[in-house]
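According to Swiss-Prot:
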ACT_SITE  72  active site, proton acceptor
ACT_SITE  141  active site, for ring-opening step
ACT_SITE  143  active site, proton acceptor
ACT_SITE  148  active site, for ring-opening step
SITE      151  site 'Part of the allosteric site'
SITE      158  site 'Part of the allosteric site'
SITE      160  site 'Part of the allosteric site'
SITE      161  site 'Part of the allosteric site'
SITE      254  site 'Part of the allosteric site'
């Protein structure tokens, strides 16, 4: 596991966007062999998306031969609702880049058969050749996508009931009214994420400090699903200084030292 520690959120976002651009360029995708990208929602990736939009508009990157799969979507929230993850992704990324509409994949939380929707999503990922780079964020309790504490570390795309902590955290997007927050979601599984050839997780702010500590220094546990990343063959956590406040001094200094030429 790599840990990239940046001074603040803006630099974290720039580093992450540059890494995405680098990986796409290195893959040199074509229509026959596209680059497959897994994408998150939430507040953490917004800065990265802003940098990617800027780079696309400046001609530094093209998404024409990129296929995307989003991590999750609420159950029962209309696609056109401003807080649906369909709306989020189009607002922050898809409407501003040259991606082909048919290459965008987001779970349908209003599908008549939610289990069939989840199974079809797994098949679509497999048909695309698997995910080259899966990007994610984490919650204060260390959940990745909507894989809440207690989720199996080999789980696949499925329906999940959201914890009270997650509902409370997400209520900030719903006028701080927990009654408006959907209580279920469709989410890729921990196993789905772990199947990606690379995983990059964005962690920012003091509220994620304990989760970062568990991710880097803790034991692998289903109670902190982010810890599964320790078992991935090629994983990166990109964080800011604020998220590092609970790391041991030795851990912090170690990663600052070995990554000093990559910051």
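Glycine is no exception: its Cβ is also placed from the backbone N, Cα and C atoms.
Cα-Cα distance from residue 148 (active site, for ring-opening step) to residue 161 (site 'Part of the allosteric site'): 9 Å (rounded to the nearest whole number). Contacts of residue 160 (site 'Part of the allosteric site') defined by a Cβ separation under 8 A and a same-chain sequence distance of 6+ are given as 146, 147, 148, 151, 184, 185, 186, 187, in order along the sequence.
Per Cα geometry, 161 is the residue among the recorded positions 72, 158, 161, 254 nearest to residue 141 (active site, for ring-opening step). Residue density at residue 161 (site 'Part of the allosteric site'): 12 other Cβ atoms are found within 10 A of its Cβ, drawing on all protein chains shown. Ranking the active-site residues 72, 141, 148 by other CB atoms within 10 A of the CB puts 141 at the bottom.
Considering only the recorded positions 143, 158, the Cβ with the fewest other Cβ atoms within 10 Å is that of 158.
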